[in-house]
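Engineer: Per TrEMBL, the features are:
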DISULFID  Cys68-Cys129  disulfide bond
DISULFID  Cys353-Cys417  disulfide bond
DISULFID  Cys366-Cys427  disulfide bond
DISULFID  Cys397-Cys407  disulfide bond
DISULFID  Cys472-Cys533  disulfide bond
DISULFID  Cys503-Cys513  disulfide bond
DISULFID  Cys577-Cys638  disulfide bond
DISULFID  Cys608-Cys618  disulfide bond
DISULFID  Cys682-Cys743  disulfide bond
DISULFID  Cys797-Cys861  disulfide bond
DISULFID  Cys810-Cys871  disulfide bond
DISULFID  Cys841-Cys851  disulfide bond
DOMAIN    30-130  domain 'SRCR'
DOMAIN    137-185  domain 'SRCR'
DOMAIN    228-326  domain 'SRCR'
DOMAIN    328-428  domain 'SRCR'
DOMAIN    434-534  domain 'SRCR'
DOMAIN    539-639  domain 'SRCR'
DOMAIN    644-744  domain 'SRCR'
DOMAIN    772-872  domain 'SRCR'
Amino acid sequence: LRTGVYLAHERSLGLWGPASPTGAAPEEQLTIFLHVTRCNGILLLRHQGQLGTVCTDAWGFPEAAVVCRELGCGAPLGAPREVPGPEIMAQPWLHGLTCQGNESSIQECALGAWGPQPCPHDWVPAVMCRGGLEVAIKLVGGRSPCAGIPGLEHSNQTLTSCDPQSVEAGTVLCKELGCGSMLQAPGPPPETEGPRKGQQFVIWRVLMSPLRREGWCELSVPTGHTEARLVGGEHSCAGRLEVRRGLTWGTVCDADLDLATAHVVCRELQCGAAVSTPKGAHFGQGSGLVWTEAFRCAGNESLLFHCPRGLGHQCGHGQDAGLRCSEFRLVNGSSACEGRVELQVQGSWAPLCAAHWDLADATVLCHQLNCGNAVATPPGGHFGGGAAAIWPDQVHCAGTEPYLWRCPVSTLGAPACGPGDAAAAVCSGLPDALRLRDGQSRCDGRVEVALDGVWGRVLDEAWDLRGAAVVCRQLGCGAAERAYEAAAPARGAAPLGLSRVRCAGSEPRLTRCSVSAAPLVSAGASRDAGVVCSGSLQVRLAAGPGRCAGRVELLHAGEWGTVCDDGWDLRDAQVVCRQLGCGRALGAPGAAHFGAGAGRIWMDELACEGHEAALWRCPSRGWGRHDCGHKEDAGVLCSESVALRLRGGAGPCAGWLDVFHNGTWGAVCSHALKDASLSIICQQLDCGEQGWLENRPVHTSLGTSWVDNIQCRRLRSSMLWQCPSAPWHPHSCPHEEEVWITCAGRPCRLLQDSREALNCSSMGSCPEEGELRLRGGADHCSGRVELWRSGSWGTVCDDSWDLADAEVVCRQLGCGRAVDALAGAAFGPGSGPVWLDEVLCWGSEASLWGCPAEPWGRGDCTHKEDAGVRCAGEWSAGGSPRCHHAPPVPAGVWLQPTVERFPLPILRVVLLGQYQWLRGPRTGGLPHLPSPGGLCDSLFVIAKVDGRGVA
């Protein structure tokens, strides 16, 4: 190893290392480089003119110490294992490296063999040296400066580090921080934790296990560790206030919780701002200590830890303080109950985009802020646009949700919000306000009234349409359609607001009617007033993969019902898609494509033109008039219907990331994808809490890349659809920027029948969701088709089962071409569920889950109809199964197959659903459809066979 001046021409490649001295022969050199900075990065060695990485299983602090010492970079701070990014083109060159840690150079260590052989693992050694860095030690991830995971801070960036390996080391660290002694030691890292992958070197992350438990340090009051939590509430941002000091939790007297302190608690918990501070153990009585020391916060502190303290009240648990917070607020209005809508994300407030913002959304927000009912939604920017960038979230509430974050949100791919186009709301305020509970919309349900800041029931044994008319008018819900006796609240005693309400029907508010008040009434009372207003009419799509695809259902007279498929076509579907803010209609399937509904069938023979504002504005036979059964329920697929999958991996938790949009699957681009986004994606796919990017060779692209620049935020119930990104575009990035993700995966389970672990994937030793196998045949490449789902093996029904389906199964199992597709339980009847029915593969799909089929478990078959296959090939190498997994297609999602070739010498029939939804104009004729993959000049729906159109 040579030392000296750093090579300038290597720095342009991000490589740092010593230059060889003059006269040294190239074949004698062994030169060390780091990528990307002088004292931290991936280790690269140049030997005999060849630059490469190191492949070793023995990488640790001793080896890192030698590298840091040789480079003159001081003591080692970490010895991470990193999967190199695309900028590292070097191949494994040195195989085997072991140091004692006291060597002066790597050349004195035990070196293995040199050569370009492959390495059995993806990661390579890297180092982080102190190297003149200005580094400060701190605790991160805790609720105070004296709690958390030990970390290093450099240039305002915090690097999480390994926990202290002993109580003694932890105590030294705590004392160095001025935090007393260690009270709680960290747990050991999980043995299965692998290297962090795909991270770039700005400053190196030394976190070897993000799943470690925190270590706690103790300080004497008033500067000791302090944190808050809310317990017993309806969500994590509401409940009884409990404060931890050191390791001891205690409650707070309600007289000691003022609004300023409440705001600090909400801020610390990342719950926005305080809405209310219920008193008198509203969320139940706590146990243990009641702190007699009160916090005297100014209101602008980031943590309760920083608030001054003073003598507080003495009370029992009957006076435990409660707190409700909200991540949403209204600002720039005349009161806290009107203004511009803002949400708090990652500690900052920003306006919400006005796109799709309506009274149903505002109703939920007004209730959440304890501001009564929604009165109006002024146009975007009515209360100013605010200084911060507008968040593009589009909220889709029904009006019955208790909190705004319970509403569906569509943010991914949304266009940028116009300048100043911030959502606005005007709420009634709490005095004399009304709300409807336990209904199906914001305009139907059991009536409650706010008196003296408390919501109470409205009881009346003679409740009629005149009282209902007042309620509907006050709520802006149109005319009263029905007054009924509602069921009492489900839990406990509820306060009474009004009783014996006598209205003329013209009063502006319910409290203006002739009323009386009474004491508490038990929850068993059944005289609650209920109303159904004309504004309760709603449409939804049920039993699909999301809010933009599914069975059409209408809310009428307070009851959900379906729509018959007689006369149902794309123009009818277009009205539904527009009404729901779901883009344009792509399909209008009938014949209960998304499963049969229940209850009423509200409409039949609809004849929309496509421009109507609501489905009930279209001509029809009238409400409830039909000659249909639920097997004829109509469905809709809109362009904004979305789904997610990983494709092409050895298991369901690794592969190319695809998103379903506008009726087709397309790739996701890698630009800007960070840990938060990867975590959300993996959790949404039920594939663990962590994921990483991997570099994969060029693959067969889908031809579409839908979305780029995904930047997820840590929200309460995050899904990928809630993540901001660039707008949808079919060519969002070049082919080489499409992203492969590997998720941490799920824990292993035992097989249901054999109770033995199946050795089938590189990531685990167990059946994964959607795994495929053949049983009952002469060998492993013939038999009854079985799938693993929801903890159970199940079969496939033989309805529509043919060689194209069998071809996919044989290819997926690595068993060659399909020889036969057998029906009628040819290999014997199976057991458990019948998972799939009406499987309709083209024959070119990579897996059985890429084929259209009935929703999982919704077939009409028994095991005497189990499907089987016989393949031409043998089972793959070594007598062990080659298990291939693909994520199940969400129920009701239609796939547009990419047909590269027809592998079978047969004509494949394409089933497109009931013929009406693809028919041409009402004047007659059939539409011209694009040919899939150039197989034929055109496709026409030409017949109806067994309720399906045949192309």
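A Cβ is built for glycine as well, from the same backbone N, Cα and C atoms used for every other residue.
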Engineer: How big is the Cα-to-Cα gap, in Å, between Cys68 (disulfide bond) and Cys577 (disulfide bond)?
Structural biologist: 62
Engineer: Work out how many Å separate Cys472 (disulfide bond) and Cys503 (disulfide bond) at their Cα atoms, rounded off.
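Structural biologist: Distance between the two Cα atoms comes out at 13 Å.
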Engineer: How big is the gap, in Å, between the Cα of Cys366 (disulfide bond) and that of Cys861 (disulfide bond), rounded to a whole number?
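Structural biologist: Distance between the two Cα atoms comes out at 49 Å.
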Engineer: Of Cys472, Cys503, which of the disulfide-bonded residues has the most Cβ neighbours inside 10 Å?
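Structural biologist: Result for the most crowded candidate: Cys472.
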Engineer: In the domain 'SRCR' (228-326), how many residues does DSSP call helix, how many strand, and how many coil?
Structural biologist: 19 helix, 38 strand, 42 coil
Engineer: Among 30-130, 434-534, 772-872, point out the range having the most Cβ pairs under 8 angstroms from the domain 'SRCR' (328-428).
Structural biologist: 434-534
Engineer: Could you count the residues of the domain 'SRCR' (328-428) that DSSP puts in helix, in strand and in coil?
Structural biologist: 13 helix, 32 strand, 56 coil
Engineer: Go through Cys577, Cys851, our disulfide-bonded residues, and report the one whose Cβ sees the most other Cβ atoms within 10 Å.
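Structural biologist: Neighbour-count leader: Cys577.
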Engineer: Whole-number Å distance between the CA of Cys797 (disulfide bond) and the CA of Cys503 (disulfide bond)?
Structural biologist: 61
Engineer: From the disulfide-bonded residues Cys503, Cys533, Cys638, Cys743, pick the residue whose C-alpha lies nearest to the C-alpha of Cys417 (disulfide bond).
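Structural biologist: Among Cys503, Cys533, Cys638, Cys743, Cys638.
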Engineer: Based on DSSP, tally up the residues of the domain 'SRCR' (644-744) by helix, strand and coil.
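Structural biologist: The breakdown for the domain 'SRCR' (644-744) reads 16 helix, 32 strand, 53 coil.
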